[in-house]
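Data first, discussion second: the structure below is written as structure tokens.
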């Protein structure tokens, strides 16, 4: 036990070693490359440029602090605990009129590593057809093969008897594994989904995600800590510098050429080669707009000199929507909810700190991807009719999404994700401490609609970077999305009431048996549909005439020496969580940049 404890301490020291980051002590005023945003994509692209161009200097500017010593970040079982806290930008939407006028949280990481420090560590991949679609809509060279090879460079998968070898990488800086702890009742997950028509997919990262699986998580087996974007910094040399707790006020231009950045305190730093924006789907478009790139009407209204009239900046916002149900376990099944008991939590934390198996190891590792026919043939028919009946869905994005609903793509492109997550997740809330139900064990099923047809936007409303952007995803504004959420919510109950999962619980905690009729389900969906925090598309890689902001080299249209490398360039929502794809985009971008300047 003492030996394993020392192994844990040593691995944690390696994980959090501040010497792995060269801080900007010299206060240099000029670098070859300036990367704005030290998040998932920013640290990956900066590190690979540092390695590939060792004679070039690279500066990463991150608005948040270094959170590598924060237990809420590095302990897997503390996942979600940092949302809404000091490491979060704490952004929100405007009231959503089609979702009971609710305001939705839009959590984004304001910390070294960005949202890779805050996410729930899901490690999956989308389908071949969805990435090949990128090339078909005008992005030459961006397809399954190119992105798959880039994504494989990211990870180092720890082999497991419950997972195959196809589709995983073994040489990257991000460590991935199958969780070493599963609650007993999760053993019902795969057989239940099998009975509902989904095969066990033991190699779900190889471009064929349909099926049910125990997916990997980005956790380092040494010490069992989160493995995330700062791990890239261990690869770099002295030519990469990180400036934390620092905000960029704007990008500077000479004509259409980006020359560097101005910091919030007025300091000007020059970029001899390029400025690379990696501030994310909500912050990247805002920095473009505040710097003079965007819809000229908006910019003039705010008295911002127009560098490039590019109306698509901030548009094409897409996000996955989720809905969840939860079930009260029989007393003999131990749930993650026991950590709400402070005595039990302290005991489990002591086990974790000693390097022993603990509930704090747990990540939600039960995932299933499926088409609408698995959910319900009736729902599949109705949803396709809704999409086909909307003659306004004429953009290249809309046409691709509609193609997923018909054969043959409806057989290979998932439309729904269901996640088995131990412990409570929902809107109702876990029973209060003074409730007779406090202390119950629960598990949750989370259903995610993969290709909503609603699109929104994000824009600045002020020239001050301290004004939060106006975010309007237009959740549930398309009738397809509401009907999809209803169909998924009904399916979650079907999953839970199917053997063998039906054996492990006694009562449906949420939504509860009072929800029965179609009107009940509609009301539940309107009140309980949430975001799963996968915003993309606001600086989309598309032909300019189709709403593009960047070209296939990720250069911003009408400018020079300015690229965008983050989730905002993704033109189409993938049927997957987005972190592996964002890392892959950064790897691909670095390849192009190194090739151009070598």
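Positions of Cβ are set from backbone N, Cα and C atoms, glycine also.
Sequence annotations record features per position, and here TrEMBL assigns signal peptide to 1-18.
The FAD binding site annotation in TrEMBL covers 111, 248.
What TrEMBL lists as domain 'Glucose-methanol-choline oxidoreductase N-terminal' is 280-294. Packing against the domain 'Glucose-methanol-choline oxidoreductase N-terminal' (280-294) from elsewhere in the chain are residues 36-37, 39, 89, 91, 106, 108, 114-115, 248-253, 304-311, 313-314, 317, 458-460, 463, 465, 469, 471, 535-539, 549, 556, 558-559, 564, 566-568: each is 6 or more residues past its ends and has a CB under 8 Å from a CB in it.
In sequence order, 319, 320, 567, 573, 577, 578 constitute the residues six or more apart from residue 534 (active site, proton donor) in its chain with CB-CB distances below 8 Å. The active site, proton donor feature in TrEMBL is assigned to 534.
Under the heading active site, proton acceptor, TrEMBL lists 577. For residue 577 (active site, proton acceptor), the count of additional Cβ atoms within 10 Å of its Cβ stands at 25 [all protein chains shown].
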For residue 248 (FAD binding site): intrachain residues, at least 6 apart, with Cβ closer than 8 Å: 36, 61, 63, 261, 262, 263, 264, 279, 287, 465
Segment confidence, the domain 'Glucose-methanol-choline oxidoreductase N-terminal' (280-294), expressed as mean pLDDT: 98
